[in-house]
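J.: Have a look at this one.
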Amino acid sequence: MAGDRPGVIGGAPSAPHPIPPGQRRVQGWPVSHYGPVPRFRPERWDLRVFGATAAGDGRAWSFDDLTVLPHITVVADLHCATGPTSTDHEWYGIAATTLLDLAPPAPGVTHVMAWAEYGYGANLRLADFTTEQTLLATHHNGEPLTAEHGFPLRLVVPHLYGYKSAKWLRGIEYMTEDRRGFWEERGYHNLADPWKEQRYSHQEQQGDGPAA
Ligand SMILES: Nc1nc2c(c(=O)[nH]1)N[C@H]1C(S)=C(S)[C@@H](COP(=O)(O)O)O[C@H]1N2
Ligand SMILES: [Mo]
């Protein structure tokens, strides 16, 4: 599908394509999250990269700092692990790999925790964080994100179930071992591959998650 539109990762919007097993297509874009929608306060807001960085200390960006970084466009579907798939989202933002280049992880880093407002976290294998379609999105279909969809910044990990795509993103923690995030501690699968229907933690196999 790639190459339909120059510079767009993921192909043409609305081209017919399959969705993962057990999912149902929904019209529009439902809102799904736990807890209240945070308010954006630019003067207090930053995005932090911390934990096991190569440099030994962390880095922080204001929202304005982020706007001057290179941006990418990714077209992808969003699969909620409870069943709905909304299709053909056009995301615009900063590639996760760009962040990684600016604040490299220490050699032993295997996982990251994507931290959002109110302590929400989603853990990812480093390799899942660094795919070419993983991004920190500021815009959707040409408009800034709405508050309920993660304004001003959300992670988008298109190849995994939606709970890995943390809205209201505030930090990336580099980790030298795996640790469960918010939904991963509450019965959802540690890895979350929708094509393998990795929905629930009881389906996990040896090695899929941190030792209990
Ligand atoms: N901060 C935060 N991000 C979150 C969640 C949440 O509870 N808190 N829920 C996740 C889940 S389960 C899904 S399916 C997607 C839904 O994104 P949407 O509301 O933009 O459709 O957001 C994810 N990001
Ligand atoms: Mo979800």
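Including glycine, each Cβ sits where the backbone N, Cα and C put it.
Predicted, not measured: the structure shown is a model, and the values here were computed from it.
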J.: Which one of these stretches, 1-26, 183-208, shows up in TrEMBL as region 'Disordered'?
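T.: In TrEMBL, residues 1-26 carry the label region 'Disordered'.
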J.: In the domain 'Oxidoreductase molybdopterin-binding' (35-183), how many residues does DSSP put in helix, strand and coil?
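T.: Per-class counts: 25 helix, 59 strand, 65 coil.
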